[in-house]
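Chemist: Sharing a structure here in structure tokens format.
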Ligand code: BGC
């Protein structure tokens, strides 16, 4: 855990430079707007530890799978959102010495991420090797208002010197490779480079997938706020263009470089229009000016905060944490493009390849359901509906048939691209989360038509998979599910993972319920849909038989569900017994030792009880929580939020708060020692759930919103807004009680339990 960032309600502040944590800070200070994003690296040269990362949504590469021992069924590739052209490029040298915070002496340093207005700001003073002192002030946005554009303003002041030799090179570097490239290959080739008036571009194309991206820059230079009419020397190299300027500065002069940049993707534009559109776009934003761009951007953020913000009174660290999570979620996914999804690291790093995981359905859908227009969550569901054929193909590759669908663990286009057998073939519970999200969406929105239009086909494919994946055990006289990995990835190839058996059975049951419901409510359309899936009476009988005869491992003595067969053979030593300094265990122990240990990476049995809370009594929840939580190391970011919600339900308010805080500040405090890889974007939606579903006790039951709020003991109050169907509500929980206001839309009745 690292605590070098200052607490502040709206800002993340680093008030003295920590080069040792620079890659963590770069992750935390990432900017994005749903279309693209980049890590918070410095604009200018930095020769210290850094991971430059620029990502364009939907632009990926199928990196050839790398495994030691090939197994039939492995996907051919692991899809990666590509590190794309670096548009930030800036090199400044003064009297031959490059401005570089790694080599200069740092006299003063401050940088902040302003979450309210969505910009990155830095102010620092450095001394170069020859004694020249330079002040730097920079500000950067990834425009929310004009979502294919980015811009920064970068000023240097000559504090104690004059120089006739100030050189500025503003460049775009398209010769970029992913840090996580499997074979050290580069994934981009050049299509064209070129120049305009104080502008240049690099137009590149991804190998294999053929995505094309035009990255353009336009430069404006000012001295003491006076625009300079300078001619640039043009530098043209492969996948690279630069604009060189030379200038003199007198002592006290401030030189400002404004860079306007755009990224156009072939996903959104005809490539034949790239050059014209790119240049027009650059001219338009440059004419608008940096200050106006910043204003428009801040207005767009204001609109988002108006519905998304959670206000906590009495705890700045918690306030900063939740805002940071909401900020990053909004930067990652706006829901405007149904082809896109939510990568676990968003635009903040390369790990997990920017692909879609079960995280979206299990963690993110509830956030978007409550805080964004209905179409946003619907788009996430339609994304999977569009990929149903691929899920059927995927199941086919593993030997399943007759329309059985296995959604991928990791995907860009519907095809599975994860390549560890214990996850690819065995972590099949992901299929359940996709069905669960359909129910979640329909319960929340009341959009029952969705079931016949999209839901049925997905559900029946998933249900068919489960029906084929179980087998009848003569010994147990029950259906069993062998060789799986549950949500707890610290166990592989187990039999009868309770969670997987439970969600599989639920999927079969729910599919049968939906079958009845759509036939009743949308008869002719439903008949058509059902017959297009060739669903038969024999399948109904088969599903019913499995539902009534599924095996669920259980320990009668303790009254708990067993995570899997044989769980009790383990040495039941709680996490508190792990010697200090050996955590996280995934960075200190061999995989063999982890697999044999009792330690649980993330909610597993408890994930099931969380999803299906109405199926279990509070006593059952308590017994299972008390049994499993002490063995849980929470080394997946997806874990603390679920525990926070369950602890709240059990009235363990301090525990609930502790888990919330861990979830909310996971990246700000680098809790799991891995933020340098990028921020944990998908679990950020879980943080939001900790407050709204945990502390607020919000749930939907029989078409009605319910709350059961509590106030963490040292908070004065908290308030959040949610959309529920046509109505927008504000919930305010304070020391005197809970107030719920309707902000807009029709009156609704909600239930508040104390
Ligand atoms: C978790 C998975 C999750 C993935 C991406 C892993 O560490 O165990 O449940 O899907 O991260 O967030």
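Just so it is clear, glycine is given a Cβ too, placed from its N, Cα and C backbone atoms.
Annotated domain 'Glycoside hydrolase family 65 N-terminal' per TrEMBL: 14-266, in sequence order. Under the heading domain 'Glycoside hydrolase family 65 central catalytic', TrEMBL lists 323-689. Under the heading substrate binding site, TrEMBL lists 358, 359, 601, 602. Positions annotated as active site, proton donor by TrEMBL: 489. The feature domain 'Glycoside hydrolase family 65 C-terminal' is assigned by TrEMBL to 698-752.
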Chemist: Taking the residues 358, 359, 601, 602, which the record names as binding substrate, find the longest CA to CA distance and state it in Å to the nearest whole number.
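Modeler: The two farthest binding residues have Cα atoms 16 Å apart.
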Chemist: Between residue 601 (substrate binding site) and residue 489 (active site, proton donor), find the distance joining the two CA atoms and give it rounded to the nearest Å.
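Modeler: The separation of the Cα atoms works out to 6 Å.
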Chemist: Would you mind reading off the Cα separation of residue 602 (substrate binding site) from the residue listed as 'active site, proton donor', to the nearest angstrom?
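Modeler: Between the alpha carbons of residue 602 (substrate binding site) and the residue listed as 'active site, proton donor' there are 8 Å.
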Chemist: Other than 358, 359, 601, 602, which residues of the same chain sit close to substrate? List them in sequence order, counting a residue when its Cβ is within 8 Å of the Cβ centroid of the site.
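Modeler: Neighbours found: 357, 362, 487, 489, 636, 638, 639.
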Chemist: List nothing but the one residue from 359, 489 whose Cβ has the fewest other Cβ atoms within 10 Å; the candidates are the recorded positions.
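Modeler: 489, out of the recorded positions 359, 489, has the fewest neighbouring Cβ atoms within 10 Å.
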Chemist: Give the three-state DSSP assignment (helix, strand or coil) for the residue listed as 'active site, proton donor'.
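Modeler: DSSP call for the residue listed as 'active site, proton donor': coil, neither helix nor strand.
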Chemist: Calculate the per-residue pLDDT averaged over the domain 'Glycoside hydrolase family 65 central catalytic' (323-689) and state the result as an integer.
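Modeler: That stretch averages a pLDDT of 96.
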Chemist: Rounded to a whole angstrom, what is the C-alpha distance between residue 358 (substrate binding site) and residue 489 (active site, proton donor)?
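Modeler: A Cα-Cα distance of 14 Å.
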Chemist: Across all the protein chains here, work out how many other Cβ atoms are within 10 Å of the Cβ of residue 602 (substrate binding site).
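Modeler: For residue 602 (substrate binding site), the count of other Cβ atoms within 10 Å is 24.
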